[in-house]
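Working notes, structure below.
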Amino acid sequence: MFTSLFFKDRIIKWSLISSIFLDALLLVLIYFQIPIRVEPIVLRYNIYVGISLIGPWYQAFYLPLMGFVIIIFNFLLAKMMFLKEKTLAYVLAVVAILCQLSLLATGALLVIVNG
């Protein structure tokens, strides 16, 4: 599976590794910083109205789950497009990294708000 031309490409390979690393970092951050508790935690904070969404602690793990789904979806699309349109495959791979960075920033803010 990982011996195809798609995974031998340097940009694709490092984009995939970076995306998985950032998603794992988000998972570790949330796991160690958001305590398991009965009380609901802040899931969304707005500067205009303050807290706009609260929920159980396990809903914080939806962020890494969304990140994993984005990685799978983008890299499957990139693999299908790689031989036909290499530039589009590169764009999908880089967008996966940008999504992971955005989710990591959201997770860090979630930890700060609940800290």
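Each residue's number is its place along the chain shown, starting with 1.
Placement of Cβ uses the backbone N, Cα and C atoms for every residue, glycine included.
As recorded in TrEMBL, the features of this protein are as follows:
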- 12-36: transmembrane segment (TRANSMEM)
- 56-77: transmembrane segment (TRANSMEM)
- 89-113: transmembrane segment (TRANSMEM)
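Tertiary proximity for the transmembrane segment (12-36) is limited to same-chain residues at least six positions away from its ends with a CB under 8 Å from its CB atoms, namely 6, 57, 60-61, 63-64, 67-68, 71, 75, 78, 82, 89-90, 93-94, 96-97, 100-101, 103-104, 107-108, 110-111, 114-115. Listed by sequence, the residues of this chain that lie at least six past the ends of the transmembrane segment (56-77) yet keep a Cβ under 8 A from its Cβ atoms are 12, 16, 19-20, 22-23, 26-27, 30, 34-37, 40-41, 43, 92-93, 95-96, 99-100, 103, 106-107, 110.
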